[in-house]
């Protein structure tokens, strides 16, 4: 196993160990045991920077099911390294922050188990080369995030937010699964790199458009893009460390990673360019507009996150244009990839810090309601400093890193509007307009975020707690991120050669070696647009109290949340009615539906899939076998038309004993003896229960009732026979029976093959089966004891009365 595999598996292993440590070390905060895990992974990833800088990649394989083309393949290039550093680096700071945020009285064992589970899943997503493995980790991120969001499960809002996120992201996961299967059909491979190398085969496939749509749905749901963004604001009910980790730096960026990774395959389609770009721009505008009217600090950051993700998504869409040009022209549009990567890093720094500061304010005052907050400037000066740095970066104000990436974003929108491709040169003028409008609202909510908390009147009577500055443990992580905001803004070259260029080359597959970011490029359209953004933003802030009321009056029916909630109520009701229409309290009717569907499915498959039945090696049928089969069929037929319960029991036993005799003729005395014992016990139990069984009513005597039973029984029997013959005649693997014949005596020192298989080769299976029987027996015994106890208590009450 390689170090890369260990890096992915390490958090998963610790996720199993941490709950055990929690039981024995309750005096020490569990976070201190968790903190080394992401730090070690982060340090290991740092050692791989030189590898990706030189244009090399790391490919490691761990065999799993090689015959089916499914191995635990990990592939690390510049893009995978970037995300791995974010996952482990931000993860380290989040764990450190959580030590101060969560008290020892919380269920820390569960929390850190879920957090490490998510960390390992995210690393698996960004490093997997096998799309099936990627999908498994993808769904694991949804599952673990569900557990983290619902961590405070006593809150109804937490349960609601967790369910909504799970439903939407799992829907996207199923779409992703469909997409990757359609990708694998033309290439006959599950390797992402192989698919990229054979992208032309996929593009010529009839499944290309369908695969592209399904992949985009999977990415859009994960990254909370329009119209799937509604799950993210409700996910803010999670503890603040979860929000800072999942919803700013990791999970919500999994969709961006997927779009970036799949761009070499789908960039040839104008549908990909237009859809990814427009969805990103619409998300940017809509979410930034909604962020301005939020009354909860986390609500502001939630919609802010959605808008910033939309900005990055739009840049990835614009960058796809580079695949349609060569040379320097290609590099012009590939600059959008560079801007997307840079802003992805910047967003993780300032948004992670802002989430942590929000948690600090909530921890200090007991509320996140902007109507109750204000005037905390002198009470929380350190938090104020960190907030100003990171919020101004989010607003795109120099000299912070957010200004550089925002300028790059505006430049890419102007550049894209000039592309003579896919009608972008005519309709592309919308790109900079939407980008500027979205940036104006981004500026507004960023400045208002600072003002809501630290300026205005201090209202101690409305605060659940007396406000105070939080501990150093809660300030250290956001302070580190705020420092990075300044450093990356003043010295972006630290990132360009080591991180941004290799990551961009992984998407564009061309050598990107001239990436530069500057605070001032001259009087460019992007710079002039920035001045317009500042002016309009200040005007909107001054008039904020007037126009924000119009936004807050938005009718509920015009929101996607309204339709989600309505669907969540209507669909279960219709499902219940539909289920009740065919599922009854009469088990016979339920079995008719189940077996009828099985028969229909079997025969549809038989007539639609080519097969052959081979009778070459079938043993000859002897006369006494025919006699036993006739006896067996006669008994089974009589059961269907029996008029008494006793006669049915006798005939059913006759069928079982006839099968036992067949086993004897087939030289399987052990099976025959077992069948004989089972039938004897079953018959005895039936006779013991005979007194309590209801009589066969007139409904059972109806001819239609009996004919239906006969058809279903015969159909199931025929289906099993046909499936058995087809399986016998269409063997794709060598029979395992030869292995048992050769090794039964050598390995197990037994001559009875059946006994040896059951006791030795499949001993654990037999043990568990016996355990299940034992548990079932204990359950029946317990139920009988409880019934007797209740009867005794009832008699005592009657005697007392």
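Count begins at 1; order follows the chain as displayed.
Heads up, the Cβ atoms here are built off N, Cα and C, so glycines get one too.
Swiss-Prot lists 30-49 (among others) with the feature transmembrane segment, giving sequence analysis as the kind of evidence. Away from its own ends, the transmembrane segment (30-49) comes close to residues 3, 7, 10-11, 14, 18, 21-22, 58, 76, 81, 84-85, 87-89, 91-92, 95-96, 98-99, 102, 108-109, 112, 115-116, 119, 123, 498-499 of its chain (Cβ-Cβ under 8 Å, at least six residues beyond either end).
Per Swiss-Prot, the feature transmembrane segment maps to 270-289 (among others); the stated evidence is sequence analysis.
The transmembrane segment annotation in Swiss-Prot covers 302-324 (among others).
Per Swiss-Prot, transmembrane segment is recorded for 373-395 (among others).
Note on the transmembrane segment (429-451): residues 277, 281-282, 284-285, 288-289, 291-292, 294, 297, 300-301, 303-304, 307-308, 310-311, 314, 318, 354, 387-388, 391-392, 394-396, 406, 409-410, 413-414, 416-417, 525, 529, 532-534, 536-537, 540-541, 544 of its chain, located 6 or more positions outside it, place their CB under 8 angstroms from a CB of the stretch. Marked as transmembrane segment by Swiss-Prot: 429-451 (among others).
Look at Swiss-Prot and you will find 472-494 (among others) tagged as transmembrane segment, backed by sequence analysis. Within its own chain, the transmembrane segment (472-494) is flanked in space by residues 93-94, 96-97, 99-101, 342, 345-346, 349-350, 352-354, 356-357, 359-360, 363, 382-383, 385-386, 389-390, 393, 398-404, 516-517, which lie at least six positions past its ends and keep a Cβ under 8 Å from the stretch.
Long-range neighbours of the transmembrane segment (526-548) within the same chain, counting only residues 6 or more positions beyond its ends whose Cβ lies under 8 Å from a Cβ of the stretch, are 292-293, 395-396, 403, 406-408, 410-411, 414, 432, 435-436, 439-441, 443-444, 447-448, 520. The transmembrane segment annotation in Swiss-Prot covers 526-548 (among others), and the record cites sequence analysis as its basis.
Feature annotation from Swiss-Prot assigns transmembrane segment to 621-641 (among others); the stated evidence is sequence analysis.
Annotation source Swiss-Prot lists transmembrane segment at 646-668 (among others).
If you look at the transmembrane segment (672-694), the same-chain residues 6 or more away from its ends with a CB under 8 A from one of its CBs are 645-646, 649, 652-653, 656-657, 659-661, 663-664. Summarising the annotation, Swiss-Prot assigns transmembrane segment to 672-694 (among others).
Swiss-Prot lists 707-729 (among others) with the feature transmembrane segment, giving sequence analysis as the kind of evidence.
Per Swiss-Prot, transmembrane segment is recorded for 767-784 (among others), and the stated evidence type is sequence analysis.
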Cβ-Cβ under 8 Å with the transmembrane segment (646-668): same-chain residues at least 6 beyond its ends: 622, 624-625, 628-629, 631-632, 635-636, 638-639, 675-676, 678-679, 682-683, 686-687, 690, 696, 754
Residue numbers, six or more beyond the limits of the transmembrane segment (373-395), whose CB comes under 8 Å of its CB atoms: 297, 304, 308, 346, 349-351, 353-354, 357, 360-361, 364-365, 367, 401-403, 442-443, 446-447, 449-450, 452-459, 463, 467-470, 475, 478-479, 481-482, 485-486, 489, 537
Folded-back contacts onto the transmembrane segment (707-729), same chain, C-beta under 8 angstroms, at least six residues removed: 591-592, 595-596, 598-599, 602-603, 606, 611-614, 636-637, 640
Tertiary contacts of the transmembrane segment (270-289) (same chain, 6+ residues out, Cβ under 8 Å): 209, 212, 216, 220, 224-226, 229, 259, 263, 303-304, 306-318, 320-321, 416, 421-422, 424, 430-431, 434-435, 437-439, 441-442, 445, 551
